[in-house]
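What follows is one structure encoded as structure tokens, with my remarks underneath.
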Amino acid sequence: MSGFLLALRTTFGFLSTIPVGMSMEGLDELVKRSYLQTFAGIVLGSMIGIFAYLTESFLPSTISAVLIMVFIYYITGLNHLDGLGDFGDGATAHGSLEKKVNALKDMSLGIGGVSYTVLALIALYASISSLQAEVLFFSDNAALIIAISLLIAEIGAKQAMLTVAAFGKPIHEGLGSMIINNTTFPRYAVSFVLGALVCVLAFGTLGIIGYISAIVTAFVILNISIRHFKGINGDCIGTSNEIARIIVLMVLTVAITAVNNGYGGLFWTPL
């Protein structure tokens, strides 16, 4: 198998629950091709969007929102949510830098991690529900708009991870440091352009607004990580995935409302 195909297979093995397998050789090839993570976001986001379109078309909104959340974690797995929990433990730990880093790396889940995880799940549900309410009120294409918004959110989530990796410094050796050390600016730029292009094609101006909000979120997570841990690890990268997805959906909800109320002169045209 060529290096590219091995990296492609590993991308989905690493970022999803699709049973394609994963190996250290594949990870070595993947970190050389960071843009494949954004490509995975496009594919996974499309799958989530299609699922959301079907549930929005045939089921009540509340049930649809819950099922969308279930499908997101069914297809993407819980690794990044677990990273958010570890990040919460580290960020809320009191004491020295060493204690914070130890809490970040600790395999057990504390009250800080539980709180961050629960709040993130509540926020994800709230963001999906708010998006549903706005598009149902303003548009006859509600299911399509929700599907496209979820696509952009997933692309943004994956680009947020690459942003943290590209601009952060590792605090210890491991899988996270492999990704961080190999996410060079040229590789990051390729993934950034790929993600931006798809978001613009899918949702016009609103697409790029949502995408940029994910990048901004990543820099906020990076800043918090540096303040607490003096660097980043894989948990910090995973945290950016979870938080960016939520922020993109919230920003798109606000932007869609503004557009439909006639503010800002923004226009969007779903494909």
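Each Cβ is built from the backbone N, Cα and C atoms, and glycine gets one as well.
The transmembrane segment feature in Swiss-Prot is assigned to 4-24 (among others). Tertiary neighbourhood of the transmembrane segment (4-24): same-chain residues 30, 32-33, 36-37, 39-41, 43-44, 74-77, 158, selected by CB-CB distance under 8 Å and a gap of 6+ residues from either end.
A Cβ distance under 8 Å defines the sequence-distant neighbours of the transmembrane segment (35-55), meaning residues of its chain 6+ beyond its ends; these are 7-8, 11-12, 15-16, 63-64, 67-68, 71-72, 75-76, 143-144, 146-148, 150-159, 161-162, 187, 190-192, 194-195, 198. Feature annotation from Swiss-Prot assigns transmembrane segment to 35-55 (among others).
For 58-78 (among others), the entry in Swiss-Prot reads transmembrane segment, with the evidence type sequence analysis.
Among the features that Swiss-Prot reports, transmembrane segment is placed at 108-128 (among others), with the record citing sequence analysis. Within the same chain, residues 65-66, 68-69, 72, 81, 84-93, 146, 242-243, 245-246, 249-250, 253 sit at least 6 positions outside the transmembrane segment (108-128) and bring their C-beta atoms closer than 8 Å to a C-beta of that stretch.
Among the features that Swiss-Prot reports, transmembrane segment is placed at 135-155 (among others). Nonlocal intrachain contacts for the transmembrane segment (135-155), taken as residues 6+ away from its ends with a CB within less than 8 angstroms of a stretch CB, comprise 38, 41-42, 44-46, 48-50, 52-53, 56-57, 61, 68, 76, 128, 195, 198-199, 202-203, 207, 210-211, 214, 244-245, 248-249, 252-253, 256-257, 260, 270.
What Swiss-Prot lists as transmembrane segment is 192-212 (among others).
Long-range contacts of the transmembrane segment (246-266) within the same chain: residues 120, 123-124, 127-128, 130-131, 134-135, 138-139, 145, 149-150, 152-153, 156-157, 203, 205-206, 209-211, 213-214, 217, each at least 6 residues beyond the stretch ends and with a Cβ under 8 Å from a Cβ of the stretch. The annotation transmembrane segment is assigned in Swiss-Prot to 246-266 (among others).
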